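Undergrad: Dumping the structure here so I can ask a few things about it.
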Ligand SMILES: Nc1ncnc2c1ncn2[C@@H]1O[C@H](COP(=O)(O)OP(=O)(O)O)[C@@H](O)[C@H]1O
Ligand SMILES: O=P(O)(O)OC[C@H](O)CO
């Protein structure tokens, strides 16, 4: 039975483990949610032990469901929520503080200073990122400044910093390996994405001692061996990548110009730009898509914070639906004469606006507005925000006519949303048969290294279409709706 790969997908709200066969078929899966901690407004933390234990538990459950043992697993691949920052004691493996999650905004003031004093230009040039609390650097600086004794211990080499991939790897290998991959490193705001190394100027700027940093490796390659006691036998870890980059790989977007967009709680759209790190002129991020054999592939990325979360708000906040899936039928039945627009800036707006002060707004309400129009506005908001990203990508990288958008994530179950997306983008939207593209991407990286999966070209041939949504909206209507959205965003951002 050898020739299976175990993928660990450690996400923001839940941890999944999946087993894939050599033909990329998923054969087992397990998932566990874990608590979110909000110690103060704008702060978001995870318990490091929750991240570890849900990973271990789901991995064991998936192996059990597949009826497989450690010796049947050729390799482990890890995909993870990115940027989330951990600092742990090398000796004991214990985190010195909860993980500070990517959504956490406690360092927003620090980032505002970096923007005000002109440092952002240097940050962007070296790391491809923007001075935002989203990324790891200011979170790590906060930990070193606020956890008693942390700075001295870090300088003495007793503490290790890492994103979630690095922390899980350290646990799996019983502390033997302190490493990350280039995709995760590219989200820290400490890594020069063109030179492929930690940047001494940025380390000085954020007062980060080099001694805390992990070694940066290829996304597919040897990452040590998970100790025998975890899975009943040793298993090699052969791949790691940030979850959005893993999804780009799982969607087989290997060629420059290919685009994937993932719709979960938020939305992350990545465009493969090949060997070229394209500097964005429209406030997109430049990031490492993958590193194999020392060769880096880059991507342009647009991140929006609220996609499926707008549907969650209708369900849990307003109680307008009992199930997310009801929103499609409601939207279809909405009054076409009522121009209700939702700008879901619940936590500010991400790319390309980056307005952390903006808050959500609804426009066009009348006495005749019902939950049908609100449902339509929530689903449409995802299409409009994606159009904003695509326009920025077109302007930055000149996308080819007829570029197809490959989609994945929980919200792609909504046919209505996917059709509106295709209409608003004016581009075909392809939904693959394997929805778990993040786990598949992690499995692919590990399986490639272990010799289970074929070279990219042959793997790309395994990608199978579930459904294509072709744009069907008249151009005039498309332009009118998008103009209305842009007006709503301008008003929301006070511009
Ligand atoms: N049929 C549907 N229609 C609209 N939204 C949906 C539907 N099914 C799921 N969603 C949304 O998709 C999101 C869950 O997707 P998932 O990929 O599991 O997210 P995450 O990995 O971020 O937790 C939720 O926000 C949910 O509201
Ligand atoms: O865990 P997800 O799927 O919400 O993804 C989170 C992203 O990696 C944050 O950058």
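Every residue, even glycine, has its Cβ placed from backbone N, Cα and C.
What you see is a predicted model, and the numbers here were worked out from it, not measured in a lab.
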Undergrad: Among 38, 134, 263, which residue shares the glycerol site with 82, 83, 243, 244 according to TrEMBL?
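TA: As annotated by TrEMBL, 82, 83, 243, 244 share the glycerol site with 134, chosen from 38, 134, 263.
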Undergrad: Using only what TrEMBL says about ATP binding by 12, 13, 14, 308, 312, 410, identify which of 55, 57, 58, 265 is listed for that site too.
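TA: Site partner of 12, 13, 14, 308, 312, 410 for ATP, according to TrEMBL: 265.
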Undergrad: Using a 10 angstroms cut-off on Cβ to Cβ distances, just flag whichever of 308, 410 is the loneliest among these binding-site residues.
TA: 410
Undergrad: Please give me the CB contact count at 10 A for residue 82 (sn-glycerol 3-phosphate binding site), counting all chains in the structure.
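TA: Residue 82 (sn-glycerol 3-phosphate binding site) is surrounded by 27 other Cβ atoms within 10 Å.
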Undergrad: Which of the binding-site residues 12, 13, 265, 410 has its Cα nearest to the Cα of residue 82 (sn-glycerol 3-phosphate binding site)?
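TA: Nearest in space to residue 82 (sn-glycerol 3-phosphate binding site), counting only the binding-site residues, is 12.
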Undergrad: How big is the Cα-to-Cα gap, in Å, between residue 244 (glycerol binding site) and residue 308 (ATP binding site)?
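TA: Rounded to a whole number, the Cα-Cα distance is 16 Å.
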Undergrad: So among the binding-site residues 13, 14, 244, 265, 312, who's got the most Cβ atoms within 10 Å?
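TA: Checking each of 13, 14, 244, 265, 312, the winner is 244.
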Undergrad: Just checking: which of the binding-site residues 83, 308, 410 have a C-beta under 6 Å from ligand 1?
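TA: Those binding-site residues that pass the cut-off, since their Cβ is under 6 Å from ligand 1, are 308, 410.
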Undergrad: Report, in whole Å, the straight Cα-to-Cα distance of residue 16 (ADP binding site) from residue 312 (ATP binding site).
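TA: Given the Cα positions, residue 312 (ATP binding site) is 20 Å from residue 16 (ADP binding site).
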